[in-house]
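Colleague: The structure's right below; bear with me while I get my questions together.
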Amino acid sequence: MSDLDNLPPVDPATGEIIINPLKEDGSAKTPKEIEKERKKAEKLLKFAAKKAKQAQAKQAGASNASKKVKKPKKEAEPVPAFVDRTVPGEKKILLSLDDPSLKAYNPANVESSWYDWWVKTGVFEPEFAPDGSVKPEGVFTIPAPPPNVTGALHIGHALTIAIQDSLIRYNRMKGKTVLFLPGFDHAGIATQSVVEKQIWAKEHKTRHDYGRAAFVDKVWEWKEEYHARIKNQIKKLGASYDWTREAFTLDPQRYEAVVDAFVRLHDDGTIYRSSRLVNWSVKLNTAISNLEVENKDVKGRTLLSVPNYDEKVEFGVLTSFAYPVVGSDEKLIIATTRPETLFGDTGVAVHPDDPRYTHLHGKFVQHPFLPRQIPIILDKEAVDMEFGTGAVKITPAHDQNDYNTGKRHNLEFINILTDDGLLNENCGPEWEGMKRFDARKKVIEELKNKGLYIGQEDNEMTIPTCSRSGDIIEPLLKPQWWVAQGDMAKDAIKAVRDGQIVINPKTSENEYFRWLENLQDWCISRQLWWGHRCPVYFVKIEGQDNDRNDGAYWVAGRNIDEALVKAEAKFPGVKYELEQDEDVLDTWFSSGLWPFSTLGWPKETKDLKDFYPFSMLETGWDILFFWVSRMILLGLKLTGEVPFKEVFCHSLVRDAQGRKMSKSLGNVVDPLDVISGIKLEDLHAKLLQGNLDPREVEKAKLGQKESYPNGIPQCGTDAMRFALCAYTTGGRDINLDILRVEGYRKFCNKIYQATKFALMRLGDDYVPAATEALTGNESLVEKWILHKLSETSKVVNEALDSRDFLASTSAIYEFWYQVCDVYIENSKYLIQEGSATEQKSAKDTLYILLDNALKLIHPFMPFISEEMWQRLPKRASETAETIVKASYPVYTKEFDNAAAAEAYELVLNITKEARSLLAEYNILKNGKVIVESNQEESFATASSQKDSIVSLIKAIDEVSVVRNASEIPEGCVLKAVNPEVNVHLLVKGHVDIDAEITKVQKKLEKVSKSKTGLEKTMQSKDYESKATAEAQAANKTKLENTVAEIEGLEATIKNLERLKL
């Protein structure tokens, strides 16, 4: 079979190769498969062009070649700049599509002005029934995950918005009462850290120089500036948020909710005070959550930069030293990666069954630097007899495992560090005030002096670091407020097991269960100034020195008056003062209340009644534990209901090579750069705006050059949103290739140019029928495309309802190509040359297609769909002022016409095979195609659709349809469409006959071998009993097609042989 048998279709307007995104079985092709097919298609087209050029040269003759004068290339005229004269907030002023500035599709032109108009006209706000209740069509609500107010958008935000907004817009068009609730997170640690760095860099001041109130005012100023910036970025992504309900986790309403939640939980004992180990950031001077801990793996001895240290600090080393056993000359050897913590050792553990240490049971070792004897304890959990020496130092106040061991054996808990990472008074006067990692070196030096140092070896280990500051996390014993999670976790597990909440994909559900089944109590204290100050007060009784870690001396209050009432009831008749806790609450505590605090809780508001619980929560699977699960825990506890009915976890976005996006790799993608485009040198310049080390900047530049050698092309919001949804397959990761996003920009261009062309075909005086319905005058192609519309609408509705974004985008993509490349091409002759009735029907169908295709794609591409839909004339029955509120297309039984669809598929298959023959023989014009069939239905279809066939094939002016092969003129070649239909092409006078005979003979040999192999399979022993009915039917059809192809090839050879005579 020739390489040119199946030449790929090409968009005549753009020159873009058209690749069907679906396989023959209806499943989606992978991006790699599409790219591979595209490359193959490009090669075939180049080969075809080369052969065509050779043929033309041969015909023209050598004599003409010398006479040719090379024409100078015509320079493209510059496109005038588009000027949008719309007043912000007003409906967009649409220039005529004939305006030179609108000749080509430019996303910046198309996407201007619409968003402000949508917001001003309130189309994003929930629509209720006349009596103020939720509409009978139902309710659909999503609370937007609040981005950090300090941050800038990254591609993960764009993915979140693309998925959420497509569902929101779809359900809004389905007529439901829809709420897409926006907001921002105060991001306690992140925001305070950034502002502290800023005032230090500009003023060389710390927050303590300002004082708490003044510093917090400074952060509010900073917040207002960055809040406006990120809000405008979000608007560029087209998110149809109801901005009238915008929330901020530190605004008065959220403050009331946070305080109320804390007081309720404190009063019922769920929140309690305890001194436990926390993740302490010395640099930030606060405890941080597990989410803010970034683990670095080192294979062995490694030097790392640590804030406030001039020299790098050594990690990945196991240091062995000896403890002298009290009352003997024996020494007990232990090993540690943190020698400086020996000041906090209060036990040395050995396994009770280890015979090496039986004689030491009940003995003590002497601390080398302090007058303290340390007990040797027996513990099966803490000690592995086979690892190292079988003896383990226990530092309960500075290691989580040791903390548990210390609790089991009632060991002393000695804290050896200040909040600033200095050794404290418990280490002795010689060591007090020394920095922790300076002490590490000094301890090793002194151990050597005392003859207790044994040695060091490389040790693979994980180093916990602070993601905000790069500091090494120190486990530190701190009195904090904790939320008891045991009973709450059981309720949260039950809610999902009982189906009150559905989590997709299922892998995320399994992880949810695993996490909650092993849930530890939650530390909610943070030693910061920016955030919700803990609404709890220490009762300082006159004349008493009570322990601030004792929860009995604390009262919670929504205000000082409530706290005073509680203190009076708890400590009647004594004098006291109330001192509010200095700490603030973990940011996740306020964001854990998000689904109900945003609706007015703790008040019983109408919003809470109408919209709680939310329909769904959509977010990345990476914060399933830190945020999603906490909303479920707190929602059930405080409202008695689940906060949402569905959780959809999207993938994480990686680069095209599958690497995690990071600033140091230079592969981070700013969605605004994808929308507007950016040069490589400008990408480099952006690296200097961050806080990367100069060496990391150079590494990042190389990464940018590798990922985006030509910068990032302008793609527009619509193309980016569509691409991100098309990438969403339910997998854990998305490998984002910017070239694929650019491909969807070309798709936008196709929509733009096709709509322009169609509007021209309709004419300025076209008036659509009042309602959408069949007239009975539809041609076969109209029946086919309307059937496809109904079929596509059904597929897309079902896909979006089941959150299948790949299926929905693929179906819409394919339908637009059917409209553009088949119907619009086929309808040209109907509109230009048909009867008045045919013209009217073809235009009416064209209008139906444009109207519905734009509505279908609107949830994914809001801007281009509005821009082009607003240019359509409207039906008398259309009440929507904007496509945002137009009705979404659904399956229409009236349009369902399987028989017509099947008949037109025959036309398309005839066209395909005819194009293939024309390409194979390089016939570019005046081609003569004959369709042959003695099957009555096929003959009738082909005969009635001759004009359709001609309209779809550029290289022919007419087509003939005959019943018998005897009617085929000499000099033709053939391709079988199916066993009943053949396509013949007259090649006489166009080709080298001998070369073509050789080519067809090779093809015949190949097909004959295929037939022999197939027959062998079908005639094999036990074939009928072993092969499935489906396989047997498929083989039978394949054999029939192969036989038909052989007969056709043999006929072609005979025809070519006759041509030689």
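Every residue, even glycine, has its Cβ placed from backbone N, Cα and C.
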Colleague: According to TrEMBL, which stretch among 48-82, 118-152, 223-257, 573-607 corresponds to the feature region 'Disordered'?
Modeller: 48-82
Colleague: Suppose you had to name the range TrEMBL annotates as region 'Disordered'; which of 1-36, 433-468, 1009-1044 would you pick?
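Modeller: Range annotated as region 'Disordered' by TrEMBL: 1-36.
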Colleague: Where does the mean pLDDT land for the domain 'Methionyl/Valyl/Leucyl/Isoleucyl-tRNA synthetase anticodon-binding' (782-930)?
Modeller: 94
Colleague: How do the residues of the domain 'Methionyl/Valyl/Leucyl/Isoleucyl-tRNA synthetase anticodon-binding' (782-930) split into helix, strand and coil according to DSSP?
Modeller: 108 helix, 4 strand, 37 coil
